[in-house]
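K.L.:
TrEMBL lists 117 with the feature active site, proton acceptor. TrEMBL lists 125, 128, 149, 151 with the feature Zn(2+) binding site. As annotated by TrEMBL, domain 'Deacetylase sirtuin-type' applies to 1-243.
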């Protein structure tokens, strides 16, 4: 039995699946990651996403955002997103917790999603709290380098910056799902960013099988019942045909 067949068998046997997804899931849809070979941090310093730096000077963050926006607006779900949606369609998905900020799981049809690092889908004024959609933000950036509200406040996308807490409701839901799961699948994450990387460990502590699908090593490889290094697109296409 090869690894793909083993994964399919696990999915068929289990009915409470918790999925954690990272940047590797969305790179196939044209969304750049942060730490990869062609990641944003090869071009920009990490403090671009630091909340204190943003409050002092948001212009560099918006330079990055201006480049990202066309990709965010035009990106479509790839087979990895479709695979996670298939699990929900089969009634087997407890929850997908994603570290991605692109909304592609929802675009694929998933309802059982929490976004651990927030999302570009909405933005808010830092002073009055007025909400803007991604389309509103894109429109505002056509005419200005730093979008501002009518009240004069700077607009900030609802992504989690360094120095900001993760959304507690999302984290609690993810922890609860990890505790109830009877299978954990990690996709496209090197599992180096905490507390997201802690979630699969909850499953390991509960003696639940851990499947890691990622190009390259992860911090939790030694705990995995199954580690698959194939490209996500090809792997998920194969799995979808077998489910």
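Each residue, glycine too, has its Cβ placed from N, Cα and C.
Note that TrEMBL annotation is computational and uncurated.
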K.L.:
Counting across all protein chains shown, how many other Cβ atoms sit within 10 Å of the Cβ of residue 149 (Zn(2+) binding site)?
P.N.:
18
K.L.:
Whole-number answer please: how many Å between the C-alpha atoms of residue 128 (Zn(2+) binding site) and residue 117 (active site, proton acceptor)?
P.N.:
22
K.L.:
Could you state the whole-number distance in Å separating the C-alpha atoms of residue 149 (Zn(2+) binding site) and the residue listed as 'active site, proton acceptor'?
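P.N.:
Counting only the Cα atoms, the answer is 24 Å.
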K.L.:
Across all the protein chains here, work out how many other Cβ atoms are within 10 Å of the Cβ of residue 117 (active site, proton acceptor).
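P.N.:
By my count, 20.
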K.L.:
Under DSSP, is residue 117 (active site, proton acceptor) helix, strand or coil?
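P.N.:
Where residue 117 (active site, proton acceptor) sits, the three-state DSSP reduction gives coil.
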K.L.:
What Cα-Cα separation, expressed in whole Å, is found between residue 117 (active site, proton acceptor) and residue 125 (Zn(2+) binding site)?
P.N.:
18
